[in-house]
Amino acid sequence: MNEQHVDLVLLDINLPGEDGLMLTRQLRSKSDVGIILITARTDSIDRIVGLEMGADDYCTKPLELRELLVRVRNLLWRISKANTLPEMQSSVKESDNIVNFNGWTFDIERRALNKGDNAVKLTKAEYEMLVAFTANRNRVLSRERILNLISHRVDAPNDRTIDVLVRRLRNKIEVEPKKPQMFITVHGEGYMFAGK
């Protein structure tokens with residue numbers, strides 16, 4: 001990957017001698033490449049852990065080839081759509097690209113999130129979700145609406161992808177992630193960003 005551009009990685013998490021979940025974490029820490037995990041494990045906890053490690057999607061064996069191809073095509077489309085986002089934002093005034101909340105500075109154009117000297121690295125999905133939340137401050141967004149606002153991945157709205165991404169943002173941004181003040185759960189409806 002250091003020598004060639006890679007758009008997407010299909011990764012079996014049950015590799016002999018390797019921990020696929022740790023490889024996912026390493027890939028995500030170095031790259032915004034699309035990652036689809038493939039595994040024979042069917043427990044939802046394995047799926048959630050894989051998504052928390054930075055995977056974009058998850059397929060279980062035995063694989064339905066057509067389903068896998070659709071997931072690959074959809075993820076590649078979302079990646080290409082996300083890559084055009086900075087171009088669309090370039091027509092906006094620079095001051096509109098800076099969002100301040102609770103001591104944080106979020107530079108949308110540069111994809112930079114800072115609190116003083118503390119810079120926080122965001123995955124592509126986390127970045128897109130934070131853009132969606134800051135553009136809809138103090139509005140309740142359903143999971144389905146959030147899925148429509150982010151180009152990262154669109155799957156069945158009943159999956160827990162949004163919950164996992166919100167939890168990751170809380171862990172990175174909230175002072176007390178267990179008692180969130182910015183990313184508020186609105187039971188039965190979705191989430192609201194209440195950053196000030």
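Any Cβ shown, glycine's included, is placed from N, Cα and C.
TrEMBL lists 96-195 with the feature DNA-binding region.
Feature annotation from TrEMBL assigns domain 'Response regulatory' to 1-76. Helix first, then strand, then coil: DSSP counts for the domain 'Response regulatory' (1-76) stand at 32 helix, 15 strand, 29 coil.
Feature annotation from TrEMBL assigns domain 'OmpR/PhoB-type' to 96-195.
The annotation 4-aspartylphosphate is assigned in TrEMBL to ASP12.
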Can you check how the pLDDT averages out over the domain 'OmpR/PhoB-type' (96-195)?
-> 86
